[in-house]
Amino acid sequence: MNEFLPQRDVDLTSLNTLGFSVCAHRYVAIRSARELSSYFKAYPDEDCFVLGGGSNLVLTRDIDATVLHMQSRGVAVYEETDTHVVVGVQAGEIWHDFVMASVARGWFGLENLALIPGTVGACPVQNIGAYGVEIKDALHKVKAWDRLTQSWVWFDNAQCEFSYRDSVFKHAFLDEACTQSRYVISKVFFKLLKDKTQWQPKIGYGDVATRVADLAAGGEVTAVHVAQAIIEIRSTKLPDPKVLGNTGSFFKNPIVDAALAAQLKTTHPNAPMYPQPDGTVKIAAGWLIEQAGFKGLRDGAVGVYEKQALVLVHHGGGTGAELMALAQRISAAVFTQFGVRISPEPMVI
Ligand SMILES: Cc1cc2nc3c(=O)[nH]c(=O)nc-3n(C[C@H](O)[C@H](O)[C@H](O)COP(=O)(O)OP(=O)(O)OC[C@H]3O[C@@H](n4cnc5c(N)ncnc54)[C@H](O)[C@@H]3O)c2cc1C
């Protein structure tokens, strides 16, 4: 019997957080590393699309390639000293559940990344980040199947080539349409701090410090307090995808050269700008979109979230093509008004 007999015409509406109704012509659930390598050994030339939690994807059409849905589970400690722990996590684990389990065990390093949707296997792909922390700060190494060489490969932190919402995994494809990822991540290893005396909570962002102080109520601040504060703050700022379809921030914050930043500062002194170590300047995309007049706009079944202009939403009954048309309208307006190009964060199929 073929253990990988694909399911046909699987509805992906509940498997993408925008809630677009598209279908996978062929769908296979991958439940372990062994299944992953066996699949590619059995079908080395098959067109495949790797799906995690579907929270960073815009699906504009049915998927012809076989959708490999990563559902492998398991968390194991590989190394433990008095100060650190190295923990290996299967790609299909739910990211937020792993964060909460690790802070509950007294491990530090992931607390600021609580409540980000999706799977562990996808977290290195765009170097997920929030509240002053990126996954590159805690990632030890990655195990992936290389579809080009048909073998397991390892990436240490430097080899992942992390930068803002970017990594080597976001650029390695087998096809020109960029749907066939060369590397399929099977396991991610994190190096987390155990020794609380070495821990410096990162709470300087927005109102995190105030909320953490409330939660700690005069006692010792723990990673659980930080995670809890971030969960509460995020819940007030971002729409719950179960209620209103979205992918979190839709646009990346653009990084411009110093000359353009200086020019913008003279015309728009209030523009939020963040100088980078290499002399470039990061600008808040949400501010640009809000200034261009799109915050809260509704365009048929899609729109811009009323509380945060960086978030595009799907009200139901719409399509990925409609969302992308709105995204292009927004980018063009921002470019016309500010001379700054903004680009989408999610993968567009
Ligand atoms: C409400 C909301 C809030 C969000 N907040 C944040 C935030 O604060 N910070 C942030 O960085 N992101 C945020 N995101 C985006 C998203 O949650 C992350 O990018 C997440 O890591 C995507 O995981 P996923 O499993 O859903 O990936 P998917 O959407 O399924 O896939 C995304 C991409 O990764 C590839 N991929 C998935 N799994 C693997 C694998 N095992 N191996 C190789 N490639 C793989 C897919 O092919 C696709 O190209 C948010 C999204 C939502 C809906």
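Each Cβ is built from the backbone N, Cα and C atoms, and glycine gets one as well.
TrEMBL entries are annotated by machine, without manual review.
Per TrEMBL, the feature domain 'FAD-binding PCMH-type' maps to 20-195. Look at TrEMBL and you will find Arg165, Glu345 tagged as active site. What TrEMBL records for Ser249 is active site, proton donor.
Mapped onto this structure are the features recorded in TrEMBL.
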{"residue": "Arg165", "record": "active site", "Cβ neighbours (10 Å)": "18"}
{"residue": "Ser249", "record": "active site, proton donor", "Cβ neighbours (10 Å)": "20"}
{"residue": "Glu345", "record": "active site", "Cβ neighbours (10 Å)": "18"}
Fill in the CA-CA distance, the residue listed as 'active site, proton donor' to Glu345 (active site), as an integer in Å.
7
Averaging the pLDDT values of the domain 'FAD-binding PCMH-type' (20-195) gives 96
Secondary-structure category, per DSSP, in which Ser249 (active site, proton donor) falls:
coil
Hey, how far is Arg165 (active site) from Glu345 (active site), Cα to Cα, in Å?
8
For Arg165 (active site), which of the three DSSP-derived states applies: helix, strand, or coil?
coil
